Ligand SMILES: C[C@](O)(CO)[C@H](O)COP(=O)(O)OP(=O)(O)OC[C@H]1O[C@@H](n2ccc(N)nc2=O)[C@H](O)[C@@H]1O
Ligand SMILES: Nc1ncnc2c1ncn2[C@@H]1O[C@H](COP(=O)(O)OP(=O)(O)OP(=O)(O)O)[C@@H](O)[C@H]1O
């Protein structure tokens, strides 16, 4: 087999605490990250050329700006990639980062090569996406520590169709030195999550006020928790079970909104 078909799941920051800032401007993070059963699909082989198709392909670069080609360059090879986009871009769920990580995994497999620096040079979210499983993400994203024993979470993902540039949201942070997460309480995961934060939610709402509408709409469907992922604008709701998440996804349909029921793990 000289071709690999790989899945690039949406990344969800269940928590995202900003605890400091380095001299180079990058922020120190303390985040619990999980992955959804919703994502992009890629066919990867050694060769040349990129095609982008699928329901969310509009506006995604098909040249060297695409992170999947940057990922191949990082591995020191040329790749032939067919990318099927299902995730919105610049949405806080790591679409580009997860695509890049999927290519790194496929090329590692096809070439036997190592991934330099776990892909951090491609983006702060790439190392955790390369791990591809529930993990704490710390440092600026380079410290990834797998977390075992979390239950599957029934969820909806909701993006209101507006792009949010990550850099602008970090710039809007009033405080850089916020408290870290408290120790994970697996016996009361939802209660624990409610007591944690996404520190980027405030500045992201300033950039895109519609995020507040999304969170209110999710809360109105009876979610046990509603939060924003990453730097937004995608928000998630957690539900008692998958049937409730599916019903919520139905209820949350609005023109221009991207809504998916998902299992997070
Ligand atoms: C917000 C998160 O999605 C949380 O998972 C990530 O930290 C961002 O990951 P990403 O999109 O891969 O980010 P990058 O492409 O590396 O960085 C985009 C911009 O976000 C800011 N940035 C990013 C990561 C970080 N730890 N501190 C930062 O200040 C920088 O201004 C940077 O120029
Ligand atoms: N494979 C890709 N898929 C989507 N966008 C890409 C890709 N490669 C490069 N881009 C560019 O990167 C920009 C950011 O999109 P991307 O989906 O990577 O953000 P994101 O990772 O969701 O952001 P966040 O870090 O907040 O989760 C887009 O505006 C797009 O132009």
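Cβ from N, Cα, C; glycine included.
All TrEMBL annotations are machine predictions without curation.
Taken straight from TrEMBL:
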type     : residues                                   : note
ACT_SITE : 11                                         : active site
ACT_SITE : 125                                        : active site
BINDING  : 88, 89, 90, 91, 92, 93, 94, 95, 96, 97, 98 : ATP binding site
DOMAIN   : 66-116                                     : domain 'GHMP kinase N-terminal'
DOMAIN   : 194-254                                    : domain 'GHMP kinase C-terminal'
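Take the binding-site residues 88, 92, 94, 96: by the count of other Cβ atoms within 10 Å of each Cβ, the lowest one is 88. Filtering 88, 90, 94, 96, 125 by Cβ distance to ligand 2 (under 6 A) retains the following recorded positions: 90, 94, 96, 125. The residues of the domain 'GHMP kinase N-terminal' (66-116), classed with DSSP into helix (H, G, I), strand (E, B) and coil, number 26 helix, 6 strand, 19 coil. Reduced to three states, the DSSP call for residue 11 (active site) is strand.
Residue 90 (ATP binding site) sits 12 Å from residue 11 (active site), taking the CA atoms of both as reference points. Candidate recorded positions: 88, 90, 96, 98, 125. Those with a Cβ under 6 Å from ligand 1, in sequence order, are 125.
Under a cutoff of 8 A between CB atoms, and with a sequence separation of 6+ in the same chain, the neighbours of residue 125 (active site) are 11, 94, 97, 98, 141, 230. Fewest Cβ neighbours within 10 Å among the recorded positions 11, 90: that distinction goes to 90.
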